[in-house]
């Protein structure tokens with residue numbers, strides 16, 4: 001990337017903004033080296049790092065990288081056997097401490113299943129060096145102070161120094177607090193030449209024995225070391241020398257122990273600097289509300305609602321800028337001060353940011369290209385500092401640009417062809433654009449020459465554009481209008497500002513009809529565009545409301561489905577419960593019938609059997625009769641009369657009404673029996689449904705004639721077979737069989753196993769066994785009842 005365009009587009013100002021978010025000198029050095037890249041993989045990896053940093057900033061508030069200085073020069077000294085001072089060792093200690101903290105931080109991210117694209121791999125390269133790290137951190141504090149724990153000898157020497165200093169202070173306090181204090185300029189103990197002294201007034205020098213070490217600038221105060229503490233000061237000096245010697249020994253020892261790890265320490269410092277740099281990119285992106293760009297290898301640029309990164313997002317006008325897909329050249333026409341130059345700079349600088357791995361100031365889903373180089377000729381005539389730009393300097397720059405461009409270049413021309421005769425300037429501008437197009441480069445050019453308005457219509461892969469101007473307020477809106485060439489507003493502005501109408505009309509007549517027609521066409525296009533934009537806003541609103549309604553309906557539908565499933569589950573549970581209760585009662589009744597059968601030898605009295613059968617039927621009727629309001633109401637509304645044929649629901653038997661037996665009861669003839677039945681248990685039968693009654697019919701227990709002593713299930717599906725077994729066992733018990741045979745076949749054994757499990761749970765079954773070999777063996781089971 002050519003260096004000139006970085007200066008022209010103020011790339012360094014973006015880097016200056018990044019500096020504010022760094023905490024290490026290594027991170028600042030990476031910003032110094034930051035430049036746009038044209039390598040897809042390099043840009044992609046850099047953006048992935050920025051994304052990881054942005055995710056960490058959002059979730060955890062950033063990567064914990066503290067203030068660190070570069071240790072590169074310190075490590076070089078260690079490589080040649082040098083000894084570092086305590087502050088230099090402290091700087092290395094801070095790097096090791098930061099390394100440990102960063103390792104813990106990323107381990108916590110991993111434990112919490114936080115997903116990152118690249119940083120886990122980068123951080124895995126950090127070397128903790130636990131042993132030397134622990135020793136260094138114990139021996140040297142952050143500010144470079146060597147701690148008492150650095151060695152036993154150092155701790156002992158410092159204890160001796162403390163005792164000696166305390167003794168000296170006690171001796172001197174006798175002077176500062178007693179009657180001798182009047183001889184002192186100040187009643188304080190001070191130090192001169194590393195020895196404790198007293199500030200004695202000049203005239204009382206003879207009152208004190210000892211050594212004079214210094215005097216005040218006025219000569220009125222002498223700093224005297226009293227004779228009584230000379231020996232103590234000498235002892236203190238010896239102890240301080242011993243302390244320095246021990247500290248130097250400790251520093252030398254630590255330096256030697258660190259020397260083998262200079263490569264690891266240098267690598268750690270680089271990674272911490274990189275993390276600081278990533279932190280800065282993420283924080284800068286957050287500060288300007290930037291988003292992650294999509295990389296387009298085809299250089300299909302689409303910046304959605306982009307704004308200049310050096311402008312306040314809240315105040316800057318946002319524009320959609322597109323180039324590369326449908327066209328490779330944009331010609332922005334129209335008068336000055338409309339925002340053409342800032343639009344050019346925005347496109348160029350945002351493209352540089354994206355190719356540097358930075359987030360861009362645009363809405364999400366914006367795309368940037370990957371250009372090998374970006375060229376710009378922007379004189380910025382609106383800037384006072386650049387007001388000396390001339391046609392010659394512009395043309396010199398353009399000549400250099402044309403030499404360096406190819407199909408992977410983006411070229412930005414501001415006021416192309418300006419600074420010379422308008423007719424010649426327009427012709428030059430057209431020729432230059434043709435030359436750029438011939439090399440396949442992407443180009444955006446601004447101009448105020450009306451001749452270039454037709455260029456976008458005549459040239460392939462080229463489109464016109466303009467900066468919107470509000471005719472009502474006579475102010476530019478700074479909005480980019482792709483597809484609409486700029487129009488002159490001079491006549492309208494002049495008339496609004498008070499220029500005589502006749503003068504304006506005369507001026508219009510002096511312009512060509514084609515020019516007037518073009519301006520009217522442009523005005524019509526602008527009006528239609530405004531109408532389309534308003535409709536788009538309205539349709540987007542309708543779409544958003546429809547999407548919200550769809551979401552609500554979908555949510556309610558899913559909620560309804562969940563409620564339905566819950567109700568079905570509850571109903572199934574209740575049904576299963578009822579079935580279990582019913583089966584239990586049925587088993588009890590069947591057992592009772594067997595006892596009755598056994599006690600009666602062969603026949604069961606009709607009344608007992610009917611009563612038992614009625615109780616079985618009642619099990620099936622109970623729930624329905626209680627819950628079915630329609631059936632209850634129908635029963636209440638039916639009119640019963642003597643001699644009516646009725647169904648006794650609880651017994652499942654037909655009968656004939658004889659007479660009323662109370663408010664809600666009837667005497668009913670059931671076979672040879674007469675029974676009193678509650679009216680709610682009776683259901684009137686229509687005459688056509690009845691059959692001729694046989695008088696004196698006797699109900700016998702010999703129902704065994706209708707039940708076979710053998711049940712053959714061969715060829716049946718498992719589910720159907722188990723249902724038949726259940727029904728068959730009940731029927732066999734009611735029929736009074738002592739034993740029956742169930743033929744299930746051998747097959748896979750699944751049906752046999754299911755039948756055996758069923759028989760084990762059936763209370764009416766006494767025991768069971770496989771049939772004899774000549775009667776089917778384990779392909780048939782003989783069941784014995786209680």
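Placement of Cβ uses the backbone N, Cα and C atoms for every residue, glycine included.
So that you can see what the record holds, here are the features copied from Swiss-Prot:
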BINDING   334, 335, 336, 337, 338, 339, 340, 341  ATP binding site
DOMAIN    711-786  domain 'Smr'
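Across the domain 'Smr' (711-786), DSSP helix (H, G, I), strand (E, B) and coil residues number 36 helix, 19 strand, 21 coil. The average pLDDT computed over the domain 'Smr' (711-786) stands at 86. Residue 340 (ATP binding site) counts 28 other C-beta atoms within 10 Å of its own C-beta, drawing on all protein chains shown. Counted within 10 Å of its Cβ, the other Cβ atoms near residue 338 (ATP binding site) come to 25, all protein chains included.
DSSP assigns residue 340 (ATP binding site) to a helix in the three-state reduction. Counting only same-chain residues at least 6 apart in sequence, those with a Cβ under 8 Å from the Cβ of residue 339 (ATP binding site) are 317, 467, 476, 478, 479, 480.
Within 10 Å of the C-beta atom of residue 334 (ATP binding site) sit 27 other C-beta atoms, taking all shown protein chains into account.
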